[in-house]
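What follows is a short report on a single structure.
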Amino acid sequence: MGEARRQRRLLLVVVCVALLLDNMLYMVIVPIIPDYIATMRGGGATAGPSAPAGGNGSGGGNRSLLPARYPPATGGNEDVQIGVLFASKAILQLLVNPLSGTLIDRVGYETPLLAGLAVMFLSTATFAFAENYATLFAARSLQGLGSAFADTAGIALIADRYPEEPARSRALGTALACISFGSLAAPPFGGVLYEFAGKRVPFLVLACVCLLDGLLLLALAPPGAAAARANMPVGTPIHRLMIDPYIAVVAGALATCNIPLAFLEPTIANWMKDSMGASEWEVGLTWLPAFFPHVLGVYVTVRLAAAYPHLQWFYGALGMAIIGASSCLVPACRNFGQVIVPLCGICFGIALVDTALLPTLAFLVDVRHVSVYGSVYAIADISYSVAYALGPIVAGQIVHTMGFAQLNLGMGLANVLYAPVLLLLRNVCQMKPSHSERNILLEEGPKGLYDTIKMEERKGMGKSLHPADGMEENGMDSYRRDLAGVSEEDSSDYEYS
């Protein structure tokens with residue numbers, strides 16, 4: 001038992017590092033890409049071979065200049081290209097997640113996680129040596145492919161290895177804290193290394209950490225160990241999970257609460273420069289203070305969930321209300337110090353929603369479906385991907401046509417209006433475990449040793465319920481009692497205790 005606990009802690013470390021890397025790679029290019037693309041075009045470089053990229057004369061002399069692969073374009077076209085580049089990861093992740101969730105349910109969690117880390121390593125190395133926009137686009141899209149497997153398999157692995165509460169909420173909270181740290185620490189990490197060490201160094205550092213994480217996973221769960229997967233149940237198909245009303249409510253909440261963050265990231269910098277004359281360092285540090293309330297939100301929700309587990313829905317609804325109010329306050333800010341407050345409120349609310357509802361997804365699968373988590377966390381990843389695929393492309397257009405204030409008011413109103421919908425989850429914690437696993441086995445043919453054994457047990461139970469000829473009266477009464485018990489069991493899928 002002690003060895004199993006140590007192994008699951010190490011696996012939690014592997015998953016947390018994978019999520020940290022994915023989000024660092026997602027955000028590390030934020031301060032790099034505009035100068036990166038300008039250098040490719042030759043617009044920001046001087047003729048000397050040691051000239052710094054972007055025309056910055058301090059500390060960048062060791063960067064190799066990238067040759068211009070296509071003629072310079074207008075600023076508007078460059079903005080579109082950067083937006084598409086940022087969105088391509090989430091778009092591909094959105095398209096691949098339904099397939100990755102099904103595959104994870106079939107083959108287990110460790111192998112897809114290892115494959116995702118391998119693809120992320122390849123993507124990071126491609127970023128390091130990219131010399132044109134097409135290669136950058138391919139690397140970004142490749143990261144989306146790796147994330148669809150690594151993120152989904154990692155979160156599902158945590159839910160599987162931590163089946164009991166409050167340990168599951170604590171483990172998922174730790175993973176969310178790593179996601180937050182990766183997103184908020186990546187821009188200064190990438191900017192500093194890009195400035196003083198060269199364009200390849202940030203990506204090579206991340207690639208090395210990714211390689212070490214994959215080797216640790218390989219040592220903990222070698223591919224041969226996945227053969228035991230054949231003896232485990234087959235998960236509920238993802239299309240059935242999508243039409244489950246409770247899972248749909250949770251997925252909608254995850255998408256809605258992340259829309260303000262996804263839409264503000266590409267638009268708030270220009271708004272701060274135009275409305276309050278913010279300097280470059282102020283724009284760069286805008287999101288960094290929000291890391292602390294996010295971690296605080298994770299900690300508070302984990303503690304409250306341990307003490308009052310029946311109020312998970314309330315923590316999520318409260319988080320959405322905080323996000324809505326904070327979003328509406330952003331346009332009213334007039335200086336750097338003021339704008340930090342609502343951004344911290346948004347991140348605090350997101351922490352409440354994510355930390356409360358991600359364990360709820362695993363619980364819903366446990367009580368209403370089969371306890372296999374690949375597909376349900378693929379649905380969660382789809383919810384995140386919808387927000388982050390639309391943000392870089394749609395947000396700028398909304399600001400251009402309607403205004404920054406209207407964008408924030410709309411996002412705030414959407415969160416406030418969605419919060420009462422979480423009332424539908426108020427009785428979830430009272431649900432009894434369902435017998436849908438048995439029903440699925442009856443509807444579908446046996447798939448593996450586990451299913452075959454279950455089918456044989458079911459058949460054996462059915463035979464034992466049929467009385468032999470000449471059965472005495474007390475035997476018939478016993479048969480009727482058994483049959484009534486089975487009928488009650490069949491109808492108890494969604495009973496409440």
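Numbering starts at 1 and runs along the chain as it is shown here.
Using N, Cα and C of the backbone, Cβ positions are placed for all residues, glycine too.
Heads up, TrEMBL stuff is auto-annotated, nobody curated it.
If you look up TrEMBL, you'll see 11-432 marked as domain 'Major facilitator superfamily (MFS) profile'.
The transmembrane segment annotation in TrEMBL covers 12-33 (among others). Residues 82, 85-86, 89, 113, 116-117, 120, 123-124, 127, 136, 143, 146-147, 150-151, 154-155, 157-158, 161-162, 171, 174-175, 178-179, 181-187, 189-191, 194, 199, 202-203, 206, 209-210, 213, 216-217, 220, 265, 284 of the same chain lie 6 or more positions beyond the ends of the transmembrane segment (12-33) yet place their CB under 8 Å from a CB of it.
Same-chain residues lying 6+ beyond the ends of the transmembrane segment (111-130) with a Cβ under 8 Å from its Cβ atoms: 14-15, 18, 21-22, 25, 29, 100, 103-104, 136, 138-140, 142-143, 145-154, 157, 199-200, 203-204, 206-207, 210-211, 213-214, 217-218, 221, 223, 226, 374. According to TrEMBL, the feature transmembrane segment maps to 111-130 (among others).
Under the heading transmembrane segment, TrEMBL lists 171-189 (among others).
The transmembrane segment annotation in TrEMBL covers 201-220 (among others).
Look at TrEMBL and you will find 241-264 (among others) tagged as transmembrane segment.
Only residues 6 or more beyond the boundaries of the transmembrane segment (284-306), in the same chain, are considered here, and those with a CB under 8 A from a CB of the stretch are 31, 165-166, 169-170, 173, 176-177, 180-181, 183-185, 187-188, 191, 265, 268-269, 272, 312, 315, 319, 336, 339-340, 343-352, 354-356, 359. Taken from TrEMBL, the feature transmembrane segment applies to 284-306 (among others).
Packing against the transmembrane segment (313-333) from elsewhere in the chain are residues 253, 256-257, 260, 264, 268, 276, 297, 301, 304-305, 339, 341-346, 348-353, 355-357, 360, 404-405, 408-409, 411-416, 418-420, 422-426, 428: each is 6 or more residues past its ends and has a CB under 8 Å from a CB in it. Under the heading transmembrane segment, TrEMBL lists 313-333 (among others).
Sequence-distant contacts of the transmembrane segment (339-364), counting only residues of its own chain at least 6 positions beyond either end whose CB sits under 8 Å from a CB of the stretch, comprise 155, 159, 165, 168-169, 172-173, 176, 180, 244, 246-247, 250, 253-254, 257-258, 260-261, 264, 268, 272, 276, 286-287, 289-298, 300-302, 305, 312-313, 315-316, 318-323, 325-327, 329-330, 333, 373, 376-377, 379-380, 415, 425, 428-429. What TrEMBL records for 339-364 (among others) is transmembrane segment.
Sequence-distant neighbours of the transmembrane segment (376-399) (same chain, 6+ residues past either end, Cβ-Cβ under 8 Å): 79, 82-84, 86-87, 89-91, 93-94, 97-98, 100-102, 104, 147-148, 151-152, 155-156, 159, 238, 241-242, 247, 250-252, 254-255, 258-259, 261-267, 271, 358, 361-362, 364-365, 369, 406-407, 410. Residues or ranges marked as transmembrane segment by TrEMBL: 376-399 (among others).
Below 8 angstroms of C-beta separation, residues 245-246, 249-250, 252-253, 256-257, 259-260, 263-264, 267, 312-314, 316-318, 320-321, 323-328, 330-331, 349, 360, 395, 398-399 of the same chain, each at least six residues beyond the ends of the transmembrane segment (405-425), sit close to that stretch. Taken from TrEMBL, the feature transmembrane segment covers 405-425 (among others).
What TrEMBL lists as region 'Disordered' is 460-497.
The compositional bias 'Acidic residues' annotation in TrEMBL covers 487-497.
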Kindly state the mean pLDDT of the domain 'Major facilitator superfamily (MFS) profile' (11-432) in the predicted structure.
82
